[in-house]
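Peer 1: Dumping what Swiss-Prot says about this protein:
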type     : residues : note
ACT_SITE : C162     : active site, for beta-ketoacyl synthase activity
ACT_SITE : H294     : active site, for beta-ketoacyl synthase activity
ACT_SITE : H331     : active site, for beta-ketoacyl synthase activity
DOMAIN   : 2-400    : domain 'Ketosynthase family 3 (KS3)'
TRANSMEM : 329-348  : transmembrane segment
Amino acid sequence: MDRRVVITGIGGLCGLGTNAASIWKEMREGPSAISPIITTDLYDLEGTVGLEIKAIPEHDIPRKQLVSMDRFSLLAVIAATEAMKQAGLSCDEQNAHRFGAAMGLGGPGWDTIEETYRSILLDGVTRARIFTAPKGMPSAAAGHVSIFLGLRGPVFGVTSACAAGNHAIASAVDQIRLGRADVMLAGGSDAPLTWGVLKSWEALRVLAPDTCRPFSADRKGVVLGEGAGMAVLESYEHAAARGATMLAEVAGIGLSGDAYDIVMPSIEGPEAAMRSCLADAELNPDDVDYLNAHGTGTVANDEMETAAIKRVFGDHAFQMSVSSTKSMHAHCLGAASALEMIACVMAIQEGVIPPTANYREPDPQCDLDVTPNVPREQRCGSMSNAFAMGGTNAVLAFRQV
C-alpha cells in the first residue's frame, strides 16, 4: 500500500520561542538569539555561546510522569501536545492502535547522565537515582509521548545524530504508507547544553566563539542549542475524511550513507540522498524553490553541501533560494531537522523563505543564493537537508497540498 502523507499539525520549542508560531515569527524576521549560556554550570567553559530555552512553558504533565523524564523527553511531550492540538486529534479506545510516534534524538538523556556522574563522583552519593536508566535511554521521548497522549500504534525512537529528526519523520511516513498506522507523531528532541556535551564538542574544535554564520566566509563553526519539533502526519484519506486542514504534504524521502568517515563529510552521500528524495517525490530539480540547508557553519560542511547541491540541481542551484535556519535556532542536534521541518512547512504556508542570519562575507566556495539576512516572499515547494556525523543522511521534500 502506498498512501500520500500530509502534515496536519506542528509543534515546537527552542531558544527562539516556546511554540511553533513564535519560532516561525523569529525565523521569518531573521534575528539570531544566540548568546552566552547562563542556565547551566559550565565551569571552565564559562562564556560559551548557545541557544537555550530559558523558561519551560506551562504544561499539564502529571508529576508522576515528570519525575521519570529527562529534559529532552519533556521538550518532546510539550511539542507533541501542541502539534496534536493544532491537528484537532485525540486518542480513544477506537483509534489508539492506529496512532503512533517516531521520535528522533541525537543521543541519550544528557542531563540525566551528567547529574548522575556529578552526584556520584563529586558529591559522594553512593547510588544513582531510581529512574536514571529509563530517564536516560534514547527511546524515552517516544515512550513518554505515547504515555501522555495515549498512542498505542508503532512507537519507537530514532538515533542518527544530526539527521535524527528527518529520519524519524521518514520512518513515520513509511508506517503510514505501508498501512501500519493512520496517524504518526514524528520529529526530534534534544537537550545537549550540558558541560560534558559542550566539552566533547570543544574537543572537536568546531564550536564557534561568537555566533553561527553558515556559508559566510568568516564563519567559525557550530553553535549548539536545545529544543524539539514535532509534526502530526496523517494519510491523506484519513485527514480528508475528518475535514482536517492540511499544512503540507511530505512529498519525498531520500536516505543514504557516506561509508566514508565518522566525522568528515563527503559529497557523494548527500548527493545521493537529495537525488533519491527528488525521485521519490517525482520532482525535477527545477521544481524545488527553497532548500533548507544542513548549513552548520563549519568550513568543511558548508563547502561540501554547496558542492553537492550544485551536482544535484545543476544550473537551477543558482536560481533557487537556500538558507540555513541554524543561524537562528542553533544546531539542536536530534531536534535540528525537526525544527527545520517547521521552517519548510511555514514557508509553504506563508510564501516566505526564512533567511540565513549573521551572514557577512561572500565565500567563493559557497556561491549559492543563501538568502542573506533578509526573508524573501516567494511561493515555494521545499526540501530539507540533514547530514549527520557518521555519514547518515536524510532529505525530505515538502509541497503544498
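Going from the start of the chain as shown, residues are counted 1 onward.
Just so it is clear, glycine is given a Cβ too, placed from its N, Cα and C backbone atoms.
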Peer 1: Rounded to the nearest Å, what's the C-alpha distance separating H294 (active site, for beta-ketoacyl synthase activity) and H331 (active site, for beta-ketoacyl synthase activity)? Just drop the number here, would you?
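Peer 2: Cα of H294 (active site, for beta-ketoacyl synthase activity) to Cα of H331 (active site, for beta-ketoacyl synthase activity) measures 9 Å after rounding.
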Peer 1: In sequence order, which same-chain residues at least six apart have a C-beta under 8 angstroms from C162 (active site, for beta-ketoacyl synthase activity)?
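Peer 2: Listed in sequence order: G106, H294, T296, H331, L333, G334, A336, S337, A386, F387, A388, M389.
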Peer 1: What does DSSP say about C162 (active site, for beta-ketoacyl synthase activity): helix, strand or coil?
Peer 2: helix
